[in-house]
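Undergrad: According to TrEMBL:
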{"type": "DOMAIN", "residues": "41-290", "note": "domain 'G-protein coupled receptors family 1 profile'"}
{"type": "TRANSMEM", "residues": "26-47", "note": "transmembrane segment"}
{"type": "TRANSMEM", "residues": "59-78", "note": "transmembrane segment"}
{"type": "TRANSMEM", "residues": "98-120", "note": "transmembrane segment"}
{"type": "TRANSMEM", "residues": "140-168", "note": "transmembrane segment"}
{"type": "TRANSMEM", "residues": "197-216", "note": "transmembrane segment"}
{"type": "TRANSMEM", "residues": "237-260", "note": "transmembrane segment"}
{"type": "TRANSMEM", "residues": "272-292", "note": "transmembrane segment"}
Amino acid sequence: MRPENDTRISEFYLLGLSKEPALQPLIFGLFLSMYLITVFGNFLIILAVSLEPYLQTPMYFFLSNLSFGDICFTSTTIPKMLHNIWMKRKAITYEGCIIQMYFFLLFATLDMLLLTVMAYDRFVAICHPLHYTVIMKPLLCGLLVLASWIMSALNSLLQSIMVLWLSFCTDLEIPHFFCEINQVIQLACSDTSLNDMVLYFAAGVYGGASLTGILYSYSKIVSSIRRISSVRGKYKAFSTCASHLSVVSIFYCTAFGVYLSSSATHSSHSSAVASVMYTVVTPMLNPFIYSLRNKDIKRALRRITGMAAM
């Protein structure tokens, strides 16, 4: 029997990662630690880029925006999850769920577009080094970031508004630790075919265009590096994009991994556990990847930590 239709709902219930009470303190401590590391690490990157004159370049400008996006990305989901565990409750208001969904989609799309912009920056730097300063002017860099924000906001706004049109049943349990749009749509009693179509179309357009842009940029980068005669020159050229390539690989591999795991198992719980990788782990790892593989960032961080210790 189909659950009763109720369009005047006031809240959803986030089931989280586990129903076992004994595991809740462990989950709380683990996610609190990862969240603090993510915020602190990305904040240090932003601080380093802002304070050090030699980091005032397009590459680090995009990196600081990515770090800001990562802080906001994790902040849309983890604090609410920690609050629910601490208060021993699972509820999130209907309005809060829509707002969380909006900002999650916004910053997830923003991260994806910024990674594409950073790939273009590396393409220009390696394939057209003599024209790099002419092409990557501050105005263009600002416009690329602004365009990424606008495109992300439009996508998340459209998806969120379409969810507002849905009527929901009395079964309002979301088998996830945040209001993941696909899980919310599945709870609707009304027809969701248009929502599904727009959701997958947007994912195909944004994800496909982003991945295509990144792959095209790196195909040209690899081609340019192969034409460099000296081994040292090849290493130097590759080292400038190694960190970005690592971040892109982790981001897309975890995102595709979540999609494949949920498709293979058809389990919402498995999907929720797998989504931890790209919602929490990836933003946490980004500062480590860029600081460990980048001498300029490491030098700036040593200077900042040295000033803080004085």
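Quick reminder: no glycine exception, Cβ is built from N, Cα and C everywhere.
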Undergrad: Sequence gap of 6 or more, Cβ distance under 8 Å, 3 or more pairs: do the transmembrane segment (197-216) and the transmembrane segment (272-292) meet that?
TA: no
Undergrad: Can you see whether the transmembrane segment (140-168) and the transmembrane segment (237-260) are touching - at least 3 CB pairs under 8 angstroms, only pairs 6 or more apart in sequence?
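TA: They do not touch: fewer than three Cβ pairs between the two stretches lie under 8 Å.
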Undergrad: What else in the chain is close to the transmembrane segment (26-47), if you only count residues 6 or more beyond its ends and a Cβ gap under 8 Å?
TA: 16-18, 63-64, 67-68, 70-71, 74-75, 78-79, 81-82, 85-86, 280-281, 283-284, 286-288, 290-291, 297, 301, 304
Undergrad: Between 0 and 100, where does the mean pLDDT of the domain 'G-protein coupled receptors family 1 profile' (41-290) sit?
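TA: Reported value for the domain 'G-protein coupled receptors family 1 profile' (41-290) is a mean pLDDT of 88.
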